[in-house]
Amino acid sequence: MPRELITKNAINHERVTIVNEQNECIGESTRSEMRKQGLCHRAVYMFVFNPLGQLFVQKRTPTKDVYPGFYDLAAGGVVQAGEDYEQAAYRELAEEMGITGVPLHSYFHFYFQESEQRVWGKVYTCEYDGPLTLEADEVEDIVQLWPEDVLRSPHSLQFTPDSLIALQRLWPKLAIAV
């Protein structure tokens, strides 16, 4: 069986945390059932900046189950059953980009809903200036963009709507912190 099919099958059978609209854990489900039934779940969003302040932006592969081929402003993913947000954040950074050993800065939770997608997200940031190892099944390419340019022209590329909303909410908090 091709590696891509094995990986996709494993991902579909991952157990994920299911929450209600108040972000309270109400159970768990397989990832495929969560998608099929539009269950509310948790996800993490890590905005990775280089030392100059540019964002590492991922081009999602065309095989992703949500927003295939879009540009994702944040590394991240679904919180698995038994994980907290921070554990998921470190796991996803390592899986998607090969980033380990960097401190994450926690910002806020937010609720996102679009058609069948309902998610409670947690936003983190980090700075990174090392080599990247991309997860070929999830990330097709990385580009570095200035956040100000993204916010000025949010339709310049096809960005994932949840990561765009998260950046729009994060940016004023970062500007105040500087």
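Each residue, glycine too, has its Cβ placed from N, Cα and C.
Per TrEMBL, these features apply:
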DOMAIN    39-167  domain 'Nudix hydrolase'
BINDING   Glu92, Glu96  Mg(2+) binding site
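Here the Cβ of Glu92 (Mg(2+) binding site) has 25 other Cβ atoms within 10 Å, regardless of which shown protein chain they belong to. Its Cβ placed at the centre, Glu96 (Mg(2+) binding site) has 23 other Cβ atoms within 10 Å.
Looking just at the domain 'Nudix hydrolase' (39-167), the mean pLDDT is 96. Glu92 (Mg(2+) binding site) falls within a helical segment according to DSSP.
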